[in-house]
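Structure below; questions to follow.
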Amino acid sequence: SCLCGSAPCLLCGCCPSAKNSTISRLLFTFFLFLGTLVSIIMIIPGVEKELHKLPGFCEGSGSVLGVQTKVDCSSFLGHKAVYRMGFATAAFFCLFAVLMVCVRSSRDPRAALQNGFWFFKFLVLVGITVGAFYIPDGAFTSVWFYFGVVGSFLFILIQLVLLIDLAHSWSQRWLRNADEGSARGWFAALCTVTFIFYAASIAAVALLYVYYTKPEGCTEGKAFISINLILCLIASVVSILPKIQEAQPHSGLLQASLITLYTTYVTWSALANVPTQRCNPTLLVRNSTGSAAAPEPLTTWWDAPSIVGLVIFILCTLFISLRSSDHPQVNKLMLTEESGAGAGAGPGPGGAEEEGGVRRAYDNEQDGVSYNYTFFHLCLLLAALYIMMTLTNWYRPDESLQVLGSPWTAVWVKMCSSWAGLLLYLWTLVAPLVLKDRDFS
């Protein structure tokens, strides 16, 4: 029954009862993480040597029963493999996003497909992945690069929305605790965290000026760092203006410091893609094993910006799968538990199943879905494209697929996303003053 049944049968007896919707989101997220893990394995240097050790697997490694093999192991490695895994994962979530359009409750027959048949979903994902590796090289990688750029830009915006929501919720919760308990301790913690965030941002900006700019030249890098520094300063000042404080008593420097730190990271990530060696000291290290003209470039993902991006990707994906926001506006956007019609469902009649004393997940979506199925799958689709670009360092292959280059496209996409995030945060501050007829409590 676990091959076709719903999420409850996947919980062991030692697990506490949980919402069916939460288990389903976690399992879909597990599929995404599984594809990410496969991509990481395929891009690790040295995997090709191990594949060649398999008898009769790689082309030129031998023969099986006297038949020469024709498998080109290069198609399983590097950016080719990551792009194909990204395509397969994105196609899988795109399929479910289309299938789950307008599902309103678990009574819809398609809801059973969302919350069950996990074994067959896994087979579908494996089948799409195998098919993706049969896609001819041609223009696929070059065209899919631009799909990845657009999807990554949208996912960065989703990250910014979640980050802004986290910052506001964090500040409100600590200020609420200060009102209810030891005010001095909570205010000290608030000031300490804010100071750490600003200190880290200032130190990072100084390092960016040192390593990614030169006294002569590197005008773009200087402009990008300076513009974002000024915008972060403006956002910090606006967050503590008297009128803003009057309209939003919980706004303050904690939110501004967190947004500043994230903006500094995005700026760093953008500068790491500047295609000029003189202004980007990490360009050649990540582009090839020796020189820029090396015939076989080494695609690595474990440079510092990519590691930070991978951590942020994991946290944001888990955020989408598990957490409901403290703010109704964000819940309305993502249709999570607090705003969904199924929010009131709980253990009891029709709730948690007790089978021989075993605690199971319970269906909390009989009256209405607790999250938007299609929007959730679209978020995972964009996350798959984002991690695909992160693992390949946003590098674009040339027509011969022999040389990876870092295009200005990646730089501008990341910088525009940082500006969009700062403007979005500023809007959350001034919106109550502009739209006085709306309730922002």
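In case you wondered, yes, glycine gets a Cβ from its N, Cα and C as well.
Below are the features listed in TrEMBL for this protein:
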type     : residues : note
TRANSMEM : 26-47    : transmembrane segment
TRANSMEM : 81-103   : transmembrane segment
TRANSMEM : 115-135  : transmembrane segment
TRANSMEM : 141-164  : transmembrane segment
TRANSMEM : 185-211  : transmembrane segment
TRANSMEM : 223-241  : transmembrane segment
TRANSMEM : 253-271  : transmembrane segment
TRANSMEM : 304-322  : transmembrane segment
TRANSMEM : 369-391  : transmembrane segment
TRANSMEM : 411-435  : transmembrane segment
How about the transmembrane segment (185-211) and the transmembrane segment (304-322): do they have 3 or more C-beta pairs under 8 A, pairs 6 or more apart in sequence?
no
With Cβ-Cβ distances below 8 Å as the criterion, list the same-chain residues six or more beyond the ends of the transmembrane segment (304-322) that contact it, or say none.
22, 25-26, 28-29, 32-33, 158-159, 162, 166, 265, 268-269, 272, 334, 376, 379-380, 383, 386-387, 390-391, 393
Mind checking which residues reach the transmembrane segment (253-271)? Cβ under 8 Å, same chain, six or more beyond either end.
156, 160, 163-164, 166-168, 170-171, 174, 190, 193-194, 197-198, 200-201, 204-205, 208, 212, 221, 224-225, 228, 231-232, 235-236, 239-240, 279-280, 305, 308-309, 312, 410-411, 414-415, 417-418, 421-422, 425
Mind checking which residues reach the transmembrane segment (411-435)? Cβ under 8 Å, same chain, six or more beyond either end.
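Residues 149, 152-153, 156-157, 160-161, 163-164, 168, 220, 224, 227-228, 231-232, 234-235, 238-239, 243-244, 247-248, 251, 255-256, 259, 262-263, 266-267, 269-271, 273-274, 394.
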